[in-house]
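Visitor: Take a look at the following structure, please.
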């Protein structure tokens, strides 16, 4: 590799660096050698990541060699030169500018990125260099943990709590192996990213999370996300020592926002209410344990028997603190116009002091909250969500992050930070949306409009100064969009002696930039608030896009100011037919709001652009979205970028208003000649930096080229043009006539295509978060359903979605549940069948109807599976094949396998198990209604899974295909390609040789119906039907519909949705406690709803009825154990209960293996104990519940939010 000497340091570079790259590395070395901070801007595509790595690692190696040389010389001469500088040992040593006594270790390099996924790209660049340092990548448990039980936890904080619990008890064998195997392991390559850590940890049976933390001690360079550095809590949790380190923030244009957000919070009424409910649950649980201990004549009350080492008095005090905090927030008077009230930052200490949360008590409170969270870690159910408690812990740590000096009151700290913070209390506006959540504790809090406590930091200098105070040697901020550098440095309020604003490496024939103030029809283009939704402006913008799509080859990017503007534009273009015109030229792909589905959409876009038969594609995205931040649209993926407006922040948002006021106040304090940003300047910079990030997608390397269209008349203003990057401004031209702009850009692109070298073909994939195996990228990019999904505008524009007529809608779970319970056929008892058997049971296809539904795809993937491994949840092996001999996508089995892989990636493990069970049940029973009910629950409620519902068409039997297409169209608005003339032919082909090989010979004629099966029909399942697939009418079925209708009328749609979801889960897991917890929470709030709880007995399985009767007696306040309580419907096999709930041969749940106990159900601990209730000891002698005298009785009452 070429070597260049910069500032006395020899740098190995993969190729001869360009002048701007040499200048960039020189500035980096200047920061390192002088131990000063630097702000370095270099346009996207100039190789700044490579320059950063090579220059910093060269300096680190240079310093290591210099110190080694000094030590060798000392030993040879037998003299100590501790007081002499390294310069005495030659120019090589002098380049560092440090003395030997300054070092005990070589300074570590900390490379911080915005997301968890970006370090993978940086490590990929590192592997292309000559340097092989010791590397460590720090990630979260969500990316690194391989423990099955911890991975099942739904939230990140629950994963953390359960992990800590297992580590403390030494019950995680993966963690136990880290210390034993860390030194023994043979790491083939020293440069490991997240995926390598996970693979290596799984192979060696040791925890990747703690393995990476061990590797941190010996690492030369450490990669981590921003928040691990900027958030004091994260720094402490990951034991990050910053003393003497070199800290690099890549993509640093986001640092200001992340600094402020890491020191801010919003506390909602739901957060406090959920925390109170959890504490109340623990309080009653511990009181019950204490009572049982007294009844057993234990002379010491020991609550540790339940796993929680806390006194009842301490738990009660914690509950009182939260109650007082809630009262203090509610007591704040607000103006009547819902604007909220703003107070200085020091007010937060006054407010918390009313709840007895101070610098003196914070330690005990945090310790108590942590103990409760650890105690509940690993529990499942609706009443064990500890997110509220975890948020309260985080809030206390944020407020009291800086301890006051010894002997000084905490109020001095409040006065010191009041200038950087504001307290804003405002009415909660999202309480209606909160009612849709399935958490039973949140629905109570959401019945009233509470107050949100916001504590906002407006100065990123707080976090930056804290970094400097930690002893950071050098701080380097770099990005492609930092201009103007002076104001960017002023915001941080720390010195940055070294600054650089680099030019681009491209020539003038590689970039075309045009400001287009008017559309083809002469209408002014504007995204201003008063014009952005006008029909004239939207129509002109759509016509401009259509014309630009004609001349720009390959990939075209369109950036909107916000999601609402993009959705409104798409809606209008769809209605006016403009979207259809663009799609005819370049298919439209839309950036989803949900980040989880982004990778498959962008992969589908890449695939469409790379297709030789296509004219390219159009990708619609938003400024500040994922597509505009660090994603690669090099070469054909992005030949043109259209920016449709200036993305200003919402001007009336309270946080934006207060930020601008804060900056104006700071500028006023600094005097007339102060250089601080004004609020208006900051407001304009927020828009310009978002635009600069978006246009940076077009030029990604030295030989790339492209065109930039700025389609807003305000870009023609001098102040807006001055905010554009310095490398763009020389190419800028304003076009008063749209036709002239099209003429010039067409000429530019024709010349560029002829003169620029052809791009090297390469597989481009989106950057997904670490821990996601390569299988996801491969399957989703090759699976053509993702293309269909991505270009479906209806998915992304709510107003364009088709409405369901005559069938249960996706958002109407009670209707679908009625269909699930009332329209089922009797199923024959079948022997268990594996997943591959269900996969390969596909009718042979005649014609291209399914090809049309699935789309054409030619993936180069071959899957190697073992049935036993698949059934046990083992990993799939994927082998990439460059030239497969037999493309599997062309076969029915190949498409089926690819579809199943895509489904498994899209669903959780529990939902995927439900899907496979539904598939097997359909195969054995031909029960189409039950199948549709299951698929609707899994796929119809989430728009991003609509394509998977459509893709299931290939598994549907011929006589059900037309019905399935109708249902699919009404649920998703998508057709499956059904052709009536071919249904009879398909039916005949189901008895072909291919099916004979896949089905049991005894089931060929009837697809598994019991009346023709070769196997004996199960007892009680006699059928009088002579048609395949017809339903048998069952008495009592209307009771199910009547019950769900009554629930809907009494409790509302949201509560009915919760009940139906819980009932479906009960069918699957046989967990009575879980379903009763939901039903009881919904039906016991008001006395008139108690009959709904009693009537729920029609769904309870026979082996659960004694326990359910006892629970009902407890909840309804009856003194008996349920003997006098009659449930609606017969006690035994009720005709209203579906067969799936009464079959004794179902897989037993956790409660089927033992007889029902006479103890109270878990759910009862959530509700208030009535005075006449009693707790039974082992001798069954009733005794009133007694609490310790020191415990206030009013604290034992469950918390109920005010109506």
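Glycine too: its Cβ is placed from the backbone N, Cα and C atoms.
Sharing the record's features from Swiss-Prot:
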DOMAIN    7-296  domain 'Helicase ATP-binding'
BINDING   42, 43, 44, 45, 46, 47, 48, 49  ATP binding site
BINDING   145, 163, 172, 207  [4Fe-4S] cluster binding site
MOTIF     151-167  motif 'Nuclear localization signal'
MOTIF     250-253  motif 'DEAH box'
MOTIF     871-877  motif 'Nuclear localization signal'
REGION    998-1020  region 'Disordered'
REGION    1120-1203  region 'Disordered'
COMPBIAS  1123-1134  compositional bias 'Basic and acidic residues'
MOTIF     1160-1167  motif 'PIP-box'
COMPBIAS  1169-1181  compositional bias 'Basic and acidic residues'
Visitor: Counting only residues 6+ away from its ends, which parts of the chain sit with a Cβ under 8 Å from the motif 'DEAH box' (250-253)?
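Guide: Non-local partners: 39, 48-49, 52, 111-114, 118, 122, 477-482, 629-630, 689, 693.
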Visitor: Enter the number of other CB atoms within 10 angstroms of the CB of residue 145 ([4Fe-4S] cluster binding site).
Guide: 26
Visitor: Nearest by CA distance to residue 45 (ATP binding site): which of the binding-site residues is it, out of 145, 163, 172, 207?
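Guide: Out of the listed candidates, the nearest Cα belongs to 145.
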Visitor: Across all chains shown, how many C-beta atoms besides its own are within 10 angstroms of the C-beta of residue 48 (ATP binding site)?
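Guide: So the Cβ neighbour count for residue 48 (ATP binding site) comes to 24.
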Visitor: Measure from the Cβ of residue 163 ([4Fe-4S] cluster binding site) and count the other Cβ atoms within 10 Å, all protein chains considered.
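Guide: If we count other Cβ atoms within 10 Å of residue 163 ([4Fe-4S] cluster binding site), we arrive at 23.
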Visitor: Hey, of the binding-site residues listed (172, 207), which one tops the CB count within 10 A?
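Guide: Comparing the binding-site residues 172, 207, the most crowded Cβ belongs to 207.
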Visitor: Taking the center of the Cβ atoms of 42, 43, 44, 45, 46, 47, 48, 49 at the recorded ATP site, which other residues in this chain have a Cβ no more than 8 Å from that point?
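Guide: Checked against the 8 Å cutoff, the neighbours are 51, 480, 502.
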Visitor: Within its own chain, what residues at least 6 apart in sequence put their Cβ under 8 Å from the Cβ of residue 47 (ATP binding site), listed in sequence order?
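Guide: Expected: 18, 21, 701.
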Visitor: Once the chains shown are all counted, how many other Cβ atoms turn up within 10 Å of the Cβ of residue 42 (ATP binding site)?
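Guide: For residue 42 (ATP binding site), the count of other Cβ atoms within 10 Å is 27.
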Visitor: Under 8 Å Cβ-Cβ from residue 44 (ATP binding site), six or more apart in the same chain: what's there?
Guide: 480, 696, 697, 699, 700
Visitor: By DSSP, what is the split of the motif 'DEAH box' (250-253) into helix, strand and coil residues?
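Guide: Secondary-structure composition of the motif 'DEAH box' (250-253): 2 helix, 0 strand, 2 coil.
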Visitor: Residues with Cβ closer than 8 Å to the Cβ of residue 49 (ATP binding site), same chain and 6+ apart in sequence?
Guide: 121, 122, 125, 250
Visitor: Looking only at C-alpha atoms, tell me how far residue 46 (ATP binding site) is from residue 163 ([4Fe-4S] cluster binding site), rounded to the nearest Å.
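Guide: Just about 42 Å between their Cα atoms.
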Visitor: Under DSSP, is residue 49 (ATP binding site) part of a helix or a strand, or is it coil?
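Guide: Once the DSSP labels are grouped into three classes, residue 49 (ATP binding site) ends up as helix.
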Visitor: On average, what pLDDT score does this prediction assign to the motif 'Nuclear localization signal' (151-167)?
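Guide: That region's mean pLDDT is 85.
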Visitor: What's the CA-CA gap between residue 163 ([4Fe-4S] cluster binding site) and residue 48 (ATP binding site) in angstrom, rounded?
Guide: 38
Visitor: C-alpha of residue 48 (ATP binding site) to C-alpha of residue 172 ([4Fe-4S] cluster binding site): distance in Å?
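Guide: With distance taken Cα to Cα, residue 172 ([4Fe-4S] cluster binding site) is 42 Å from residue 48 (ATP binding site).
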Visitor: Within 8 Å of the Cβ centre of 145, 163, 172, 207, which other residues of the chain have their Cβ, at the recorded [4Fe-4S] cluster site?
Guide: 141, 146, 147, 150, 166, 167, 174, 175, 209, 210
